[in-house]
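What follows is a set of notes on a single structure, which appears directly below.
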Amino acid sequence: GGRMEVLEEKEEEEQRELKASEISDNLQDVDTKVSVEQVCVPSDVLDFDWRSIDVSQLPSSYKTNSLKEKKLLHIADHFLQQYTLLCPDRKPLFLHPVNECGVEKFVSTTVRPTLLPYTELYHWDGCASFVSDYLSMEPLKSPITPPSLLYSPTTILKYQKGNCFDFSVLLCSMLIGAGYDAYCVHGYATHDICSLDETLELCPLLRKPQEVPKEGMKKSNKYRVKPPQDLQSKFELQQEAKKKAETEAAQKSKEREEEKEVEKPKCDPLYGLRVHAWVLVLSGKREVPENFFINPFTGYSHSTMDEHFLGIESVWNHRNYWVNMQDCWNGCKDLIFDLGDAARWEIMLLGSNKPLQLLPDAEEEKELSDRDTDDMQEKEEEVMSFDMPPSWVAPIQISPREFETCCSQGRKVILYKKAKLEKWAPYLNGNGLVKRLTVYADLDCTEVMEVREWFRNREDMLGMREVNKQTQLTTEYFRPGHLLGLKAHTYMSLEPETEHMMEFYNEARVDGLQKRVENANEMTEYFVGRDDFLHVRHMEFGKRGKKIHLASTRTDINSRPIVQIKECFHRNLEKPADEDVAERIFLITEEMIRLTYHLKDKYITASKKDFFKAADSDRKGNEIVMTPEMCITYQAGSSEKDKKLLHLYKALQQLTEEEKQLKQQVRQSEAEVLNILKIRENEETTVKLSVSIYNTGSNEKRRQQYEAMKNTMEDELLEQEEQDLDYLAPFLIQIGHRKKMTKGQALRVRDDCLTDLKHRLIDKANIIQARFEKAVEELQKKDQWFQENQNQLSAEEEDDFITCCSEIAFRIHILALRLNRQKQTALQKYLALEEKLRKDPRLAEHLGHA
């Protein structure tokens, strides 16, 4: 029996060895096929060779280690020896990879806390968004092992490329600088996270915010007023809701089945082994309520219980390094992120209040000699008293131009489930487009449902546009500051008398208009905060007698006949309710005016008045002849007749006058709609982008003004220097500085001085003329070269050509201005010097009146 057990054990060992060899072969096969994996990486990133980067200009801290850094590396090696001794089954720690200069650096010293001077980078989401957009992702060379190289954040920013560890170190440096309790994490994640594959993820811009459940009524009040009885059939409503729910459920299940067929997750042979780095932000600092992860590739936050993160080996910041001693069989869901708990997190550099946890076992203690034990204690004391050396990385700097560019190579495309998100750098697109989200109806992304576009720096203040491709409905949103106070505009066409809904910033308008809705037959205006308490005005139009073609200018359009104008008013508490008009309707075609007043307290009916206008036969000239039949009055709560005819006559006169003013107001509203449509059409035809006067890099106009001002100041400075010089000194030397000169000598000095000035002025003009002609010739050569190679140029080369030509043209413009100025001032300078010489006391007494 014992022999059989031995044979069985041998067979089991052989099977285990075979399985292990199969697994290792599979891992090697997968490792060699990493480059073939579908990873969302641009081709230029894969082609980039990091060995070709120039490291000659890097500081000495990149190329050497200080004494303190060498001691730290020694401590790290000692820590790693203890770790491998106690945890032989775990993978080696990521402690001191090589930097770009081939020097080993401890990972904590690669973190360089930095607060950058941009308000967007003071919050974690701004930092994460910048890092994910600015850098291009590189996959790890081996998906199951951490990299052997870890470059400095400054080098990563310079070349705008990096792997997950590079992303995390840069993001962690920015977050710590902004005051967050942030840590780099070395762990394991799913294939989608590691390869930046978001094609099965819902776009964050499409995620609906979680609805906060409304708290029910605490106590039912038996004395409250009962609501009116619902007379609808509950059975019919239930049947309709049931049928609708069944239809929706069938449609959803059909869609799910179709999606499941496409979305069947591929079995990942490296599940749980794929190495990834991300950032952990702990609660406490910067009012962070709870711990969360940040995926540096996407810039989005995740819960620490997210199933995509499968385990953690270690975490580190600029002060210390911690090893996770907790079991990750359930991913990161059960991990406790109390780094001060020595049972769960093994710390490398101990503080005074944290005892060393990596102690040998009892059996190993017996084997150690007293001398070895003393050495261990000395090393532990060194570790306990050792502080992390400062970062070897140069200060992280991002120029305003780099920060504004934000996207690697100016453009970035992200594919999501049934959606595509595109991002551009500001000013890259002529229409100010910086972001576009395209939503598709199918997983293959062939049928477009909706397009959302975001804009920046537009003079018309357009911020966002939504286009529903199924209904062809377009909605545009504007930032405050539009010429006409426009806030939003919904339309299907920019043609007049079609369906339009315009929203306005009512604070920026005198009339308090908040919204205007118009179609071919109606127009409704909504007001806020008016002194006359008007809040709604509704107009109805009739059909034109003749069909008139609408001109493209939209000015000579035949007005639609007004059929009815209805106005609604809020309650004015300064008036009695039965004298405060709630609604008035001008029935223009019926020659009638209907007034409805506000309800009085404890009344269920409102007072009303109907005025009938007098026919032309009942008029005496322009005056109205008032009769009792022209006004029908209902006074709520009173059977008495209303006021005398005189009061009704005056009220009718006032209403008739107000009706005329209202008609003019309606025509003004129609004209304003046409004006807005015309302006919007012009704004879309010729889009203009605004540039801050402080942004000299993008503001070409401001730069030209500055250059012109600089040249003018230089010319004025030269003129001042010329005036301060002794213009006679070089010529008086020739005759030996004599105090007494003959008349001939004085004349010769004067003529030589004037002749010299004349030659200098001519030479200066000739130099400017030569430079001008050279610049013109250069521009002509550029133009000729462009004509010859126009069909072979790429878009970037065309942009470079246009930029170069604009600079040459600007130089020609400045030279032309200087040449004209030189010609204009030459004679003035000559005459001014002649006058000075005539009055100069050193020549005046010798020249006399010559």
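Including glycine, each Cβ sits where the backbone N, Cα and C put it.
Record features, source TrEMBL:
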type   : residues : note
COILED : 645-672  : coiled coil
DOMAIN : 275-348  : domain 'CEP76/DRC7 peptidase-like'
DOMAIN : 409-692  : domain 'Dynein regulatory complex subunit 7 MORN'
DOMAIN : 739-847  : domain 'Dynein regulatory complex subunit 7 C-terminal'
REGION : 1-22     : region 'Disordered'
REGION : 242-261  : region 'Disordered'
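Listed as Cβ neighbours of the coiled coil (645-672) (distance under 8 Å, sequence separation of 6 or more from its ends, same chain) are residues 484, 516, 523, 525, 539, 559-560, 562, 565, 567, 584, 586, 588, 593, 609, 611, 613, 624, 626-628, 630-631. Taken together, the residues of the domain 'CEP76/DRC7 peptidase-like' (275-348) have an average pLDDT of 93. In terms of DSSP secondary structure, the domain 'CEP76/DRC7 peptidase-like' (275-348) contains 3 helix, 31 strand, 40 coil. Shown for the domain 'Dynein regulatory complex subunit 7 C-terminal' (739-847): DSSP residue counts in helix, strand and coil, namely 102 helix, 0 strand, 7 coil.
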